[in-house]
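Asker: Here it is, the structure in full.
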Amino acid sequence: MIISIIKYGMGNVASVKKALDKLGFPSVITDNPDEIRQSDFILLPGVGSFAVGMENLHLSGLVELLTDEVCQRKKPFLGICLGMQLLADYGHEPHKIKGLGWIRGEVVKMQLPDHLRIPHLGWNNVQVVGLDNHFFSEFSGKDYYFIHSYHLKAKDSEDVVLTADYGIPIVAAVRKNNIFATQFHPEKSQNAGLALLNKVIKLNAQM
Amino acid sequence: MLKCRVIPILTFNGFALIKTKQFATNARMVGNAVQAARVFNARNVDELVFLDVYASDQNRKINLNVVRSIINECYMPVGIGGGISSIEDIHNLLAIGADKVILKNVMIKNPNFLNKAANIFGNQCITLSIDAHKVDGEYYLYNRLGKTILLRDFIQHISKYNFGEIILNSVNHDGMMEGFDLDLIKMFEKNIKVPIVVVGGAGNPEHFKQLFSETSVEAAGAASIFYFTQYTPQDIKISSSNSGKPMRIVNQSYPQVN
Amino acid sequence: MAYQLRYCTKCLFPETKPDLFFDESGVCSACKAAELKFAKIDWKQREKDFRTIIDQFKLRDDQIGYDCLIPVSGGKDSTYQAYFIKEVYGMNPLCVCFETTRETELGRRNLSNISKMGIDVIHFHKNYPAYRSMVIEGFKRVGDEMWPNHSGIFTLPILVAIKFNIKLIIWGENPQQEYGGPWESIENHTLTRKWLEEFGGLLGNRIQDMIGVDGLTVKELTPYFYPTEEELTRAGLVSIFLGHYFFWDARKHLEIIEKHGFSVKEDGPVEGTYNNYENLDEEMHGLHDYLKFVKYGFGRATDHACIDIRNHRITREEGLKLVKKFDGKYPKLAVKAFIEYSGLSKEEIDSVINSFTNPVLFKTKADGTFMRNKKGDLIRNFPIR
């Protein structure tokens, strides 16, 4: 099994690979269509703005490829941070721009109570939501590392599997069939994060 | 709920880790950077900050091999600072796995660079290092560029720019292990909207308890306490947790005495 | 490349040595302390001070009890301390030895020699698997397979002193005085908990960090936990450095104790240096010393040359020759012993050593691996000047 870590100029790939290496999952950092198609699992990381992220995906010709691989061919997929936000219909950073549209919803700037600082930066605990999501129960209550100023407002609540609280409810992770994505950084969340990566990849590798 | 962070600060002189007292030049050599990173990763610290403190003075760039070997030890976020002044510098550091870059001189010399960098990389990876020096009762922005800048003017000025976090360091309390400069924080915490990491003066867990309960700050950095005393980050977090602050505590059993 | 690596102008210590300070003329704090030692300190007064202290604690011959406690290793320094307190000051010390990792035959003999000098010795045989777990973890985590030993040798004597109700503990040299440290620490004459945390060689790791390693519990780590503040205050312990009160001269001490049964290595120098009377008791000391070399750029031979320079036995030039010949050689014997002890392979061990090797101090190839000469030694980026 080989995981393709999508390279699209939005940082973060080295850390993700390091985590996968530690867990023993072979991976390749790539933007090459053949390598992506031949891989068994697609991982989309990313930090930075929604607009630049989408622009880079378009420039690399990856939008159609990824949509085909993930939505049509149902290849297992994990998105991290910006890699989760880009799945939305629209983003607003810095202006309204179309996303991949795999998960219904929009990414907007967080409107927080006055006393809370922005970005949402640091370790926060997640809660499992949805009746069906016993797969994620072992992650409930654990702390993961968040760093973002924009957040996903999901249209379909069934897509949301983990939430966090930062004055307002934050979507921490979404799941839809073969798509799984986290707002937080599991590759930066030490043992808790590595355990989650391990479980998600192992589960999806069987699909 | 967001947890309060306890962050070891590693200061590097180009060869090895050092520790200053009140930013004086005769710094104390404290050891090997990779070793420190490894210990802190094993201790499940919340984050790590690594600063090459003489890079700008010596007109050189931070050694990427050293940075890479440190980041390789860490499965938590790492912030890197030291002589960063160009988009290429930031790109190089993020490419080897740094999560945040920490800027100091460039924020004084060319603050527009902050917006430029934030637009390219996202503001969450841009952290500013603000060193406060108290002289005759007044706070100044400490710098080795020969500029006299009142801290309150600077904070007003820099708040207009785009960045994700501030590390607020007290020159006077640095290395003294007698507590954080709470006056400094209380003076400026309302003027700063982004997360603040307070550094300078930690000597025992009580200091952190005090900081978290008397100010709105939710993150503290420290160094001397970890080199020279019996306290570990876990000791600090358990102490603060016992006083009601939300802390991230990774399971470990502790002796009942003490 | 950064600026040039500074070396002390009087001895051969590099600025990368932890806790070392340099003055404006480039002289290190160890040399400055030595100057004090030779010229400025009033040793007669110090001896008087010492007498004043021990007179407070010395029991009469018709009383039950120990006058003081001396931590020993079986090495020359602690053997000398034991001899000195017993023979010269006529006291009845209790000697406490925290067993080293892998004792040498010579170390065993020298330790039992102490009891032959007329002294009670407690030789603490530690929980082997627990200690071994910490040795391996210490090696991997902080690059020091002797880590649990540092913790044990400073903590156990305190615990024993409290149990036996002995108030005075006599340590040997003040390492900050002999090897350089912050000025306050050089003048320091007591060894407190803070001293252990700051100077005990714990390399940033603490005993709490070992809980859970290989399932180690707090209970199993009992001899490594320092007593609480309350226990210490109640016990009224006084810990002093003998080196603060008496001029410390290792070679002179050696001459004396060799007359009292102490044996040195007969078949050549100890691994990593040029003398045959240091670190005789521990089989794997060479690995600890080599790790120091790769981290900081100087090894045991440098330590010894600097001491000999400061004691006016050799010149700096002669010292430089010795260092070039003996310093920083790969410790084949110690590594062989460590392979047997730990079960790690040579590749694993070398990989850990490499991870602690400073890439600024030693030459690397384009791929980041370290260059070595024909003998397999690392090549310095900054030759000693």
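Just so you know, glycine gets a Cβ as well, placed from its N, Cα and C.
For reference, TrEMBL lists these features for the protein:
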- A:6-192: domain 'Glutamine amidotransferase' (DOMAIN)
- A:C81: active site, nucleophile (ACT_SITE)
- A:H185: active site (ACT_SITE)
- A:E187: active site (ACT_SITE)
Asker: A:C81 (active site, nucleophile) has how many other Cβ neighbours within 10 Å of its own Cβ?
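Answerer: Taking all protein chains shown, A:C81 (active site, nucleophile) has 29 Cβ neighbours within 10 Å.
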Asker: Can you tell me how many other Cβ atoms are located within 10 Å of the Cβ belonging to A:E187 (active site)?
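Answerer: Looking across every protein chain shown, the total is 30.
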Asker: Can you give me the Cα-Cα distance between A:H185 (active site) and A:C81 (active site, nucleophile) in Å, rounded to a whole number?
Answerer: 6
Asker: If you draw a 10 Å sphere on the Cβ of A:H185 (active site), how many other Cβ atoms land inside?
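Answerer: So the Cβ neighbour count for A:H185 (active site) comes to 24.
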Asker: Give me the CA-CA distance between A:C81 (active site, nucleophile) and A:E187 (active site), in Å, as a whole number.
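Answerer: The Cα atom of A:C81 (active site, nucleophile) is 11 Å away from the Cα atom of A:E187 (active site).
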Asker: Reduced to three states, what secondary structure does DSSP give A:E187 (active site)?
Answerer: helix
